[in-house]
Amino acid sequence: MTITYAVFFFIFGLVFGSFFNVVGLRVPKQESIAFPPSHCTNCDRRLTAIDLVPVLSFLFLRGKCRTCGSKIHWVYPLMEFATGVLFAASFLIFGFSAELVIAILFVSLLVIITVSDIAYMLIPDKVLLPFAVVLLVLRFVIPLDPWWNSLVGAVVGFLILFLIAIVSKGGMGGGDIKLFFVIGLVVGLSGSLLTLFFASFIGAIAGIIQLRIRKQGRKTPVPFGPSIAAAAIIVYFWGDAVLGWYFGILS
Ligand SMILES: [Zn+2]
């Protein structure tokens, strides 16, 4: 039965991932997420059901628009697939518990900001703020142990990134700083610090890969949001295991 539910969550995630692509791409441009309906950004043809099946349409159409043949970015199907996997993982890790609500919301936020940060180097307040408010309220109803851990994690995470932004003179965007507030709310103080540690590591690797692939100069900025999102998910799902292993080695 667990597997059936996990598959259900996966499919549920695929569909929502498709919606998160739209939110991540349209909200920063102040566009409505409902209108106009999905269309090819090149030839403006309105997409029909065949074009809109998550992941499968991309594979079936070999990543091209049916009418004009322009390339569809691989980020879209990747984000749909990632959302499916993360929704299923949320269920497998937390089961039908109250924390599952936080997990689904947290994963959703991280997917949306990854899309907008890759597309525009921007993490929009219009996305961050509603998630921050809802997660803040939920963390009082479904608290960490001790209950103030989430608030301390949020404030400390925010302040550390704020300091890094000042020291690095713009190396860190305002969106990254605010995002860390929300991450701290969800994962608490140790989780927040561990996320920063992993994010720096993932960000460094992503930077090296990007340099190799695109042969861009060092000046080309790499969005940090996707690295933070990946780190936050690792920590939220497996942070206790990582910390337990680490302190196990020390003792
Ligand atoms: Zn087209």
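Just so you know, glycine gets a Cβ as well, placed from its N, Cα and C.
TrEMBL has this to say about the protein:
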type	residues	note
TRANSMEM	6-25	transmembrane segment
DOMAIN	11-93	domain 'Prepilin peptidase A24 N-terminal'
TRANSMEM	74-94	transmembrane segment
TRANSMEM	100-120	transmembrane segment
DOMAIN	104-208	domain 'Prepilin type IV endopeptidase peptidase'
TRANSMEM	127-142	transmembrane segment
TRANSMEM	148-167	transmembrane segment
TRANSMEM	179-208	transmembrane segment
TRANSMEM	228-249	transmembrane segment
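Packing against the transmembrane segment (100-120) from elsewhere in the chain are residues 16-17, 20-21, 23-25, 27-29, 75, 79, 82-83, 86-87, 90-91, 93-94, 127-128, 131, 134-135, 138-139, 142, 175, 179, 182, 186, 223-226, 229, 232-233, 236: each is 6 or more residues past its ends and has a CB under 8 Å from a CB in it. When DSSP labels each residue, the domain 'Prepilin peptidase A24 N-terminal' (11-93) comes out as 46 helix, 4 strand, 33 coil, counted as helix, strand and coil in that order.
Note: the domain 'Prepilin type IV endopeptidase peptidase' (104-208) comprises 88 helix, 0 strand, 17 coil (DSSP; helix = H, G, I, strand = E, B). Long-range contacts of the transmembrane segment (6-25) within its own chain (CB-CB distance under 8 A, at least 6 residues past either end) are made by residues 33, 38, 52, 54-55, 75-76, 79-88, 90-92, 108, 111-116, 119, 127.
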